[in-house]
Amino acid sequence: MAASDESPMVRPTVQELTAAGVEEPPRQYVLPEQDRHGDLLAADEFPEPTPLIDLSRLTDADEAERLRAALQTWGFFLATNHGIEDSLMDAMMSVSREFFRQPAEEKQKCSNLVDGNGKDYQVEGYGSDKVVSEDQVLNWSDRLHLRVEPEDERNFAKWPSHPESFRDVLQEYASRTKKIRDLVLRSIAELLEIDEDYFVNQISNKASGFARFNYYPPCPRPDLVLGLRPHSDGGLLTILFNDDNVGGLQIQRDGRWYNVPTKPHTLLINLADCLEIMNNGIFRSPFHRVVTNVEKDRLSLAVFYAVDAETMLEPAPGLLDDKRPSRYRKMLAKDFVAGLFEHFRQGKRFIDTLKI
């Protein structure tokens, strides 16, 4: 998200609020009544078989068509046979949990507030998302946000030193998700009948990739508070590793919210806004949110892949002709990212402002 000119405000982490035993969430976390649209927890169950895609079989016509159907209907799918061993996924989830279970002073060594008073906020590090106004509705979640791409720009000062295996596990995990990214992007290009490397070639050696560890503590009023406001991801592709034991992710389709089921050792892969523009809206970036749980905490790891900041966002030439005009205005990727923050705060999709 783009930085604001305003100084962010310092607040306790949600974990600290939970540890203090708050019985009612502070008002800053409570959604205005007009934004709740009824009970936040009253989502529909998934209306059809979960879109489950075997990444080892994408060259098979039947599996490719299943991928097409998943992307056209939902903009996401659950990936199996993705090449990441169960043992590595278990280790990644284990060290993530261990990090958030540490004392506050240990976690603060990775703080995203450089001087501790909120004036020097950084995207990378541990804490909460940026707060720039008193009326900003906050998410019931804490996060650890780390750059994983480009490799030579990783800021290890923000990477936890405890647990000791955290860095090695994340580096190995990120090397695997990068391969998955390229496989999925090539498969999408083939579905669209354009050069299979078209989307991969939009990723320069300076394009960013971030790992975001989301921790959602138990919430006393899940009917009033969201773990993560409604949004679509702003980058190219997101690879999400969800907690197997606790649900919470919801995706919107045709104005209705649906609970996304969990399945052990699968990855949820969704399109992001830049890829929606590049495929001219044939496959859309899903609008999603996270609800909270009154009894259980929840953990997820999202790896966000983007294009280079200087990339011109526009539909692939092979998808345009007299009968298929561009559905989006052109925009530099860095300018697109600059517009995301305010729309994210409002629970809106910035990409919709680019539609022609």
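Glycine too: its Cβ is placed from the backbone N, Cα and C atoms.
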Query raised in the report: What range among 1-27, 82-108, 163-189, 217-243 does TrEMBL record as region 'Disordered'?
Result: 1-27
Query raised in the report: What are the DSSP helix, strand and coil residue counts for the domain 'Fe2OG dioxygenase' (206-307)?
Result: 6 helix, 47 strand, 49 coil
Query - Rounded mean pLDDT for the residues that make up the domain 'Fe2OG dioxygenase' (206-307) - result: 95
